Amino acid sequence: MPDSIKKSLRKYFIMGSQNCTRNPVEILEAAVEAGITAFQFREKGEGSLKGEAKIELGKQLQAVCHKAGIPFIVNDDVELVDLLDADGIHVGQDDQSAQDLRKVFPNKWIGLSVSNANELENSPLAYVDYIGAGPIFHTSTKTDAKAAVGLKWISTLRREFPSLPIVGIGGITTENAASVMEAGADGVSIITAITRAENIERAVKLL
Ligand SMILES: Cc1ncc(COP(=O)(O)OP(=O)(O)O)c(N)n1
Ligand SMILES: Cc1nc(C(=O)O)sc1CCOP(=O)(O)O
Ligand SMILES: [Mg+2]
């Protein structure tokens, strides 16, 4: 099981309509065509859709993932995971606890953000399928992101947990993605380097 998750985390695209300057469905289709291996619907923050509009976009993006056979993960929103029967959920340290989520979703992927040793110590890793480690580099995409933790955080996690699926996130680009993998990550999570790419196919291939 961890091996198939690791494979799926390799090019993990995250996006919501607030990250897009054109149709999000077309952006996801282009990214899928170019070879992303998983997708997280993160409709959150300024300019994001709410209520029915969010659900409708989620359904459309999920259909693109289903057609391509890649996992469709929902960020934060437990009700939406349930409603759409998503493949998994990603939560942070201040969101619903992974332990509680595991009771509700015994067979779905649960991803948890872990940014430092203190969070790691307090994280219920037994209930988690993968860790999102970051922000590795500076990012302006998440307004409440912590200070960049650097590649060392990935190598520390990898040393302590040799078989745990780990994905790096935050400020990852076509130029620095290889360094994240070399530090020990199983994959890279990206928003801007894909949503704002002049050529999505080229960007995903370079990643
Ligand atoms: C793969 C991945 N890693 C980390 C995050 C960040 O989650 P969180 O800390 O809950 O912050 P928000 O994304 O909810 O703003 C993520 N979404 N995905
Ligand atoms: C959603 C998110 N979570 C982060 C974390 O550190 O937990 S950084 C981040 C934003 C990533 O966007 P970009 O690829 O544009 O830097
Ligand atoms: Mg969250």
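Positions of Cβ are set from backbone N, Cα and C atoms, glycine also.
Curation plays no part in TrEMBL annotations; they are all automatic predictions.
According to TrEMBL, the 4-amino-2-methyl-5-(diphosphooxymethyl)pyrimidine binding site annotation covers Q40, F41, R42, E43, K44, N75, S113, K142. Secondary structure from DSSP puts K44 (4-amino-2-methyl-5-(diphosphooxymethyl)pyrimidine binding site) in coil.
Annotation for D76 (Mg(2+) binding site): spatial neighbours R42, K44, I89, H90, V91, G92, D95, criterion Cβ-Cβ under 8 Å with sequence separation of six or more. According to TrEMBL, the feature Mg(2+) binding site maps to D76, D95.
On the 0 to 100 pLDDT scale, the domain 'Thiamine phosphate synthase/TenI' (12-194) averages 97 in the predicted structure. According to TrEMBL, the feature domain 'Thiamine phosphate synthase/TenI' maps to 12-194.
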N75 (4-amino-2-methyl-5-(diphosphooxymethyl)pyrimidine binding site): tally of other CB atoms within 10 A of its CB: 20
Residue with minimal Cβ packing [other Cβ atoms within 10 Å] among the binding-site residues E43, D95: D95
Residue with minimal Cβ packing [other Cβ atoms within 10 Å] among the binding-site residues Q40, S113: S113
Binding-site residues near ligand 2 among F41, K44, S113, K142 (Cβ under 6 Å): S113, K142
Which listed residue (R42, K44, K142) has most other Cβ within 10 Å, given these are binding-site residues: R42
CB within-chain contacts under 8 A for F41 (4-amino-2-methyl-5-(diphosphooxymethyl)pyrimidine binding site), separation at least 6: M15, G16, L57, G58, L61, Q62, F72, I73, V74, N75, L80, A86
